[in-house]
Amino acid sequence: QVVNYAPFTLLPSAVPRALFEQAYAVQQDFNLLVDAISQNKEFLEQTLASTIKVDDFTAQLFRIYMQVLEEGLAQTVFLGINRSDYMFDCGLDGTAALRQIEINTIAASFGGLTSRTADVHRLVLKVLGKTEEASHLLPNNPAKGLALGIAKAWELYGSQRAVVMFLVEEIQRNIFDQRCVENELWSRNIRVIRKRFRDVFEQGSLDASRRLYMDGQEVAVVYYREGYVPQNYDQQNWEARLLLERSRAVKCPDIATQLAGTKKVQQELSQPGTLEKLLPGRPEAVARMRATFAGLYSLDEGEEGDRIAATAIADPDRFVLKPQREGGGNNLYGEELRQVLEKIKDSPERTSYILMDKIKPQPALNYLLRAHSPLQVSECISELGIFGVYVRQGQELVLNQAAGHLLRTKAIEHADGGVAAGVAVLDTPYL
Ligand code: ADP
Ligand code: MG
């Protein structure tokens, strides 16, 4: 096997302190919101109705969701691990505003590796003789925070013998990120196993009360680091997913929470009145969340969709066109956006996308260090992610926290793409 170091910036990047604090301050609200959506069948049904007609992947997830609800949930403890991502939009007067890019509700990664990046940057600053600056870098340990949530869910599940199962990809490129979280669990004397969908298909079973067993070993928590893109599934893997969802085990996330993280749901949340309906009696939380939203637009069939599609075709650089996909590299920009929209503008396929205002951050210079790549200074922009973790038992929320942050930086030539896609690299905020 081949091991490479994870790519990182040579230097920490400047992040406005007020926006960093704003992102932390709104994370518990977003945890509450995602959890509320996951329990709101009517909202998910209505919001995704148009999408599932044209997007097969979302439709298949939705079918499993409905099937599990019809049978009745065996799961009573719920664990959410998400990451809300932001960019700093630069206004005409030069002031920056926090703008949410998306919330990842499944397999939000790099909480492990980024628990080490502040140490790297502290060292680099010291080597450069900037000891004072080095002391300003904040401690950050999402691995510990995520493990805390998993451990809490494991404990509430209530079986000492049961294990935590990481559901992982066939080819594991980001294993060390996961190991950081895994090791935190072992240090709490919680056993962890790593399995793929195909192992679940071959070895997984449910007993009469729908407890999940892998080759005779009871599973308390299933932590998905896979299962968020169509390529992760064949017929067997879909069957394995259904088995897991039907089980009593705590899924992180359950399928409803995965659906809550779709781009279509994000777009619907920006509609006037939606947040208020989802979180009645919480006007402050609603205001904090709304303050981070960028313009989001439905491309559903009808006059409104026609109008915004025409606006985007006329001025494509103002927007990003997003399909219902995760993992980076799927969005469309500029000329490509225009061409695709022209092609699908009168077809139902348009409904499988949403439109979003393009965020335009102020670039800064940095070096991106990547294995086997030449070293050069690049103009860069950054994306800040805040990890959220929460645990609910029945109707009672027993844990709701921000669990640390992630800063990813990329050269401005790349419109899209994260660290796994080979575009962005790990960074540390310098407030
Ligand atoms: P994915 O689920 O594929 O990660 P994202 O919505 O996070 O989808 O988009 C992927 C990347 O595209 C982001 O990391 C960001 O770099 C860029 N991006 C997404 N939305 C915008 C936007 N509104 N403005 C500017 N860049 C964006
Ligand atoms: Mg993303």
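Cβ atoms here come from the backbone N, Cα and C positions, even for glycine.
As annotated by TrEMBL, substrate binding site applies to Arg83, 106-109, 172-174, Gln178, 225-228, Arg408, 419-420. According to TrEMBL, the feature Mg(2+) binding site maps to Glu102, Asn104, Glu326. Residues or ranges marked as ATP binding site in TrEMBL: Glu102, Lys263, 322-331, Tyr333, 356-359, Glu383, Lys410, Asp416. The domain 'Glutathione synthase substrate-binding' annotation in TrEMBL covers 162-260.
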Give the subset of the binding-site residues Glu102, Tyr228, Lys358 lying near ligand 2, defined as CB under 6 A from any of its atoms.
Glu102
Output: those binding-site residues from Arg83, Glu326, Tyr333 whose CB lies less than 6 Å from an atom of ligand 1, in sequence order; none if no residue fits.
Glu326
Secondary structure content of the domain 'Glutathione synthase substrate-binding' (162-260), with strand meaning DSSP E or B:
40 helix, 26 strand, 33 coil
Check Gly329 (ATP binding site) against DSSP and tell me helix, strand or coil, would you?
coil
Could you please provide the mean pLDDT value for the domain 'Glutathione synthase substrate-binding' (162-260)?
97
From the Cα of Tyr228 (substrate binding site) across to the Cα of Lys358 (ATP binding site), what is the distance in angstrom?
24
Lowest local Cβ density (other Cβ within 10 Å) among binding-site residues: Arg173, Lys410:
Arg173
Do you know offhand how many angstrom separate Glu102 (Mg(2+) binding site) and Tyr333 (ATP binding site) by C-alpha?
17
Just counting, how many other CB atoms are there within 10 A of the CB of Gln178 (substrate binding site)?
22
Other than Glu102, Asn104, Glu326 themselves, what residues in this chain have Cβ atoms within 8 Å of the centroid of the Mg(2+) site's Cβ atoms?
Arg83, Asp85, Ile103, Thr105, Ile106, Ala108, Tyr228, Gly261, Gly327
Specify the nearest of the binding-site residues Pro323, Glu326, Gly329, Tyr333, Lys410 to Ser109 (substrate binding site), where nearness means the distance between Cα atoms.
Glu326
